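Copied over from TrEMBL, here are the features:
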type	residues	note
TRANSMEM	73-91	transmembrane segment
TRANSMEM	111-132	transmembrane segment
TRANSMEM	144-164	transmembrane segment
TRANSMEM	176-198	transmembrane segment
TRANSMEM	210-232	transmembrane segment
TRANSMEM	264-283	transmembrane segment
TRANSMEM	323-344	transmembrane segment
TRANSMEM	356-378	transmembrane segment
Amino acid sequence: MSRYHRGRGAGSPTNPAGPVYGVISTLDDATPSPADFARCSSLEAKKSELSLFLNWGGPQKNMEISSKLRNRSWLVDVLAIFFGIGTWLGVNGTFIQLPLLVDEAPEGWGLPSYLSVMVQIGNLGPLLYTAIQKYSPKKLNDGWTIHGVLLVRAISCLLTAFFYNQTASVAGTDHSLALFLLTCFTALNACTSSVLFMPYMGRFKEQYMVTYFIGEGLSGLLPSVTALIQGIGESGDCVLVNVTESGEEVYALRKTPPRFDTRVFFLILFALMVLAYVGYALLNSLPLARREYAQVTVSEGNKYVYGEADNQPKAEKLSKGQYTYLLLLIGAISLFSNGMFGSIQSYSSAPYGSQAYHLAATLSVIANPVACFMAMFLHLPPCGLSRCSLSLRVC
């Protein structure tokens, strides 16, 4: 009597080599006959493949997930989230607040282009940090460097709250010079965090990297939610403000203000930055957090040597061509998402009004924390390099 089963992965009876979908077999070594295919309808096959996709890995993978949820400190998870919030909070908050800033700044709708240049100048931070670590005889200690980065960023948010609308004349034209300089300092620290914070989290067990990325996603989500609560105000109505001697009536647009102004918004960001600093300080000093370290030796500031007993799964090593391809792909994505889109978003939204610009700026950063949160609990089947890169291109 024939029986039907499907090979799901390495070690399965019908497919010891790896996952194959839609394989119908009789006995373990028997060759399927046309009658075998006739007994299995296409609808049944599709349902089985869908069930296989949704239950990828089966009970063993569920046990692995349960083990990861048990073998962790939830306090360290919370502190890692707080620490991650401090990554791009200031830069994200500034760009989210642009729909209100463009109405006050002398640059008008061109303000995002200026700020995009300031953010790109911030990329000098990682280059400077890398040069010091590589060529300086005395290495920077990443623990104390992170303290300095978070403190400078918190001070930048506080100063932005009080000086964002201060202008100065440059080459005979008024510019938001204070906002430019403070954004540049904030971006300098934010860009440096990309090469500083993640290596620091490498001293912890692997599961805490996911919660750190959740916090990094919240660095965009929390300012977005705050901006949605703030609102942008309503256009209101044209009201009569004056009547000239000739009888000509002068009207002006009376706009309803937002629920709170830009100063309060940046003060909220400052409070979140203080929370991020407290989270890092506890993460760096609590004995409970140190017990969650992986088997690692830290030397020369940020050099990590991992032990053999770390029990980390060994990933397949990328070839040089794949590595170069992924670097170019990440560079292209960063060029558009971090360089071009932010600078032209005000112009693309201008025909639809300030409300559309406000929603576009605030809602565009929500996808990242949602994806990181899903990655914490869901296990998706592995995809090939081409399929992953295609998904990135679509995104």
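For all residues, glycine too, the Cβ spot is worked out from N, Cα and C.
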Q: Give residue numbers and ranges for long-range contacts of the transmembrane segment (111-132): same chain, 6 or more residues beyond its ends, CB-CB under 8 A.
A: 91, 94-95, 98, 101-102, 105, 139-140, 145, 175-176, 179-180, 183-184, 186-192, 194-196, 338-339, 342-346
Q: Sort out the residues at least 6 away from either end of the transmembrane segment (176-198), same chain, that have Cβ-Cβ distances under 8 Å to it, and list them.
A: 83-84, 86-88, 90-91, 94, 101, 105-107, 111, 114-115, 118-126, 129-130, 142, 145-146, 149-150, 152-153, 156-157, 159-160, 163-168, 170, 209, 212, 302
